[in-house]
Amino acid sequence: MASLFHFKHILSVLLLLPLIISSISTDEKVKTFIFRIYEESKPAIFPSHTNWYASSFTSSSKILHIYDTVFHGFSASLTKSEADSISRNNPSSVLAVFEDQRRELHTTRSPQFIGLRNQHGLWAESDYGSDIIIGVFDTGIWPERRSFSDLNLSPVPSRWKGVCQSGVQFTSNSCNRKIIGARFFANGHEAGFGGAGGPGYVNTSVEFRSPRDADGHGTHTASTAAGRYAFKASMSGYASGIAKGVAPKARIAVYKVCWKNSGCYDSDILAAFDSAVNDGVDVISISIGGGDGVSSPYYLDPIAIGSYGAVSKGVFVSSSAGNDGPTGMSVTNVAPWITSVGAGTIDRNFPADVLLGNGKKLNGVSLYAGKPLDGKMYPLVYPGKSGLLSASLCMENSLDPALIEGKIVVCDRGSNARVAKGLVVRKAGGIGMILANGVSNGEGLVGDAHIIPACAVGFDEGDLVKAYIASSKLATATIVFRGTVIGIKPAPIVASFSGRGPSGLTPEILKPDLIAPGVNILAAWTDAVGPTGLESDTRKSEFNILSGTSMAAPHVSGAAALLKSAHPNWTPSMIRSAMMTSARNNDNRFQPVTDESTGKSSTPFDFGSGHLNLDLAMDPGLVYDITNADYVNFLCSIGYDPKTIQVITKAVANCATTRKSQPGNLNYPSISAIFSSSGEGVTTKSFIRTVTNVGAVNSVYRPKIESPRGVKISVKPTKLVFTETVKKLSFAVFVTMDSHNMVMDDSGGLYGYLSWVDGKHVVRSPIVVSQINPL
């Protein structure tokens with residue numbers, strides 16, 4: 001009897017154990033975790049990795065995505081304890097586990113500004129780019145726009161394996177010969193990580209559970225990269241003309257990974273990389289990144305991991321460099337296999353003048369298209385005089401109508417959206433708004449489609465307005481809107497918001513790689529929201545004007561599509577090299593490109609190799625190619641162990657047998673020479689580079705060297721001779737620093753250039769010299 005009692009007691013405990021475990025688990029928050037699995041460890045008994053994951057790691061109901069192309073593994077909704085248990089119990093299979101993170105979006109004349117002209121160069125051939133497929137990772141697309149017409153386009157490339165995924169207000173008929181595929185990725189989003197609605201939540205009042213774009217950002221970036229010709233385009237009369245993308249004949253594949261008001265999740269982004277590469281895209285454009293200017297280690301960054309998988313299979317990846325400038329080391333998406341793109345201005349602007357009652361005129365920018373003020377002077381007020389920070393920023397419910405009604409209000413930039421400040425002013429009875437930059441924004445201005453008469457002014461002008469208000473009891477002002485002005489000089493200028501180098505992860509690799517148009521860019525827009533994106537903005541606009549490195553990256557994506565079409569055998573690194581070594585460092589005054597935030601000359605920490613110049617990139621002469629093995633050697637050189645490298649590359653690396661290299665010896669088109677700040681006297685660093693001749697078979701190149709003060713740059717050999725049998729040649733660059741004669745500039749670096757010249761081509765590489773404190 002006693003034995004029977006004990007047996008029943010044990011059985012009852014075992015039966016209750018799942019309930020006990022369940023009750024314990026519910027005390028922990030369920031999150032999304034991404035598991036990198038060593039694919040070859042799958043037991044033969046399982047017919048597929050999907051069966052294996054669901055049987056041996058977790059239940060199929062908890063699995064969100066299965067990854068099997070650029071990345072092997074899965075993502076699942078689990079508690080941290082469950083995730084830790086899976087990792088602990090499967091040490092030979094689980095290479096890494098990381099928690100899902102939320103990312104943010106880095107939010108007509110620009111194609112000509114990067115060197116494209118109608119009937120010339122890469123636009124000369126009637127079908128250029130039609131064989132290339134650009135995958136756009138963003139908020140979806142509004143397919144009815146003229147920018148996505150397939151009129152006279154040839155059939156979809158036969159190699160395409162993608163689908164047109166149906167959903168809310170989006171059917172298979174929403175795709176055509178231009179938009180050849182569309183998918184949406186919501187599992188990570190719907191898992192409830194940070195979501196206000198919990199698991200399965202999609203706010204259908206503001207979103208479409210489909211590839212349809214409720215935000216506008218994705219429609220804008222897709223048409224920037226590859227929009228068709230759209231005549232009589234404008235945003236409420238601004239920037240009128242012909243709107244077209246960089247590669248008008250290229251095909252678009254849509255991968256909706258970002259959701260209105262709730263960001264983009266790593267698990268969904270990684271799934272999009274997996275699908276896009278498997279579908280057959282040639283280029284991936286991704287204007288997404290961390291919102292704080294901080295880069296995660298490569299092995300914990302799904303954008304870096306997914307991009308490596310894509311690049312290793314021949315897919316070019318262009319990404320925004322982030323909008324956290326002008327602070328140094330604010331550049332994001334810095335993996336050396338990603339082409340990181342900063343933002344510059346173009347030679348078009350939308351000026352507005354602030355006329356003060358004391359007779360002074362201040363220059364600003366605006367896209368306001370409503371009823372003008374007609375020169376009438378209104379009382380001028382700065383609510384920040386009260387000492388309340390929220391009032392100075394014109395935050396929601398911060399303004400006293402008794403102070404604001406009938407006046408033009410000065411609002412400081414920051415905290416809430418620029419256009420939202422105007423709504424706050426209007427609710428309080430204000431007539432108009434002057435949006436003043438803070439010190440971090442400097443003189444950098446972007447246009448906004450304000451809902452009240454408003455314009456943005458720089459930091460200096462903002463101070464002048466506030467000083468005028470402080471000195472006068474009857475301060476008045478009006479705003480005059482000047483429309484669109486073309487031929488602005490200087491241009492380009494590095495946008496103040498554009499992410500700046502050096503890279504916080506591997507400063508041996510200069511980032512950003514280059515800049516492209518990213519300020520006040522006209523492109524297609526959604527019908528789901530007005531041009532400001534505010535719920536109260538009921539205006540409909542076929543086009544909108546936006547600024548950000550989000551707008552710059554698709555310019556490079558479209559450029560890559562044209563270059564890939566012209567040179568089908570070029571690798572992603574060859575395409576990037578062609579863009580970088582042909583980039584321009586001078587503006588349209590033939591003066592060095594300036595920095596919008598300071599008004600001084602910009603540096604390679606700001607613009608990388610320079611501003612995209614696609615006409616010259618078509619025929620670069622020489623290119624710097626990088627193989628998968630080169631990237632593995634680079635990862636070994638920065639101290640990653642084989643298991644960590646395998647998380648990124650899928651390949652088993654053996655750093656012990658790899659020739660020991662320095663990170664700076666990756667065959668990159670730029671050079672970053674880092675010296676110890678404790679060094680005394682003369683120190684030399686050497687760098688090895690290999691160039692591939694893609695120009696005339698029999699070519700001779702000689703170096704042209706520009707050395708900064710206190711630094712000597714030399715190269716061996718001093719002549720590169722290419723023949724029918726000699727396609728690749730290597731050379732060494734020696735950078736010698738004399739600490740007694742070298743003085744860093746305000747940006748923390750010194751800047752030189754190495755150019756290989758053959759009489760036709762100038763293959764130019766920036767050389768950055770900097771110092772770091774030893775650990």
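Each residue, glycine too, has its Cβ placed from N, Cα and C.
Per TrEMBL, these features apply:
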ACT_SITE  ASP138  active site, charge relay system
ACT_SITE  HIS217  active site, charge relay system
ACT_SITE  SER550  active site, charge relay system
DOMAIN    41-106  domain 'Inhibitor I9'
DOMAIN    129-590  domain 'Peptidase S8/S53'
DOMAIN    378-463  domain 'PA'
DOMAIN    665-769  domain 'Subtilisin-like protease fibronectin type-III'
SIGNAL    1-26  signal peptide
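Shown on the structure are the features that TrEMBL records.
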{"residue": "ASP138", "record": "active site, charge relay system", "Cβ within 10 Å": "29"}
{"residue": "HIS217", "record": "active site, charge relay system", "Cβ within 10 Å": "27"}
{"residue": "SER550", "record": "active site, charge relay system", "Cβ within 10 Å": "31"}
Under DSSP, the domain 'PA' (378-463) has how many residues in helix, strand and coil?
27 helix, 20 strand, 39 coil
What is the interatomic distance between the Cα atoms of HIS217 (active site, charge relay system) and ASP138 (active site, charge relay system), given in whole Å?
7
Cα-to-Cα gap, ASP138 (active site, charge relay system) vs SER550 (active site, charge relay system), nearest whole Å:
10
Counting each residue once, how many in the domain 'Inhibitor I9' (41-106) are helix, strand and coil under DSSP?
22 helix, 23 strand, 21 coil
Could you put numbers on the helix, strand and coil content of the domain 'Subtilisin-like protease fibronectin type-III' (665-769), residue by residue per DSSP?
1 helix, 63 strand, 41 coil
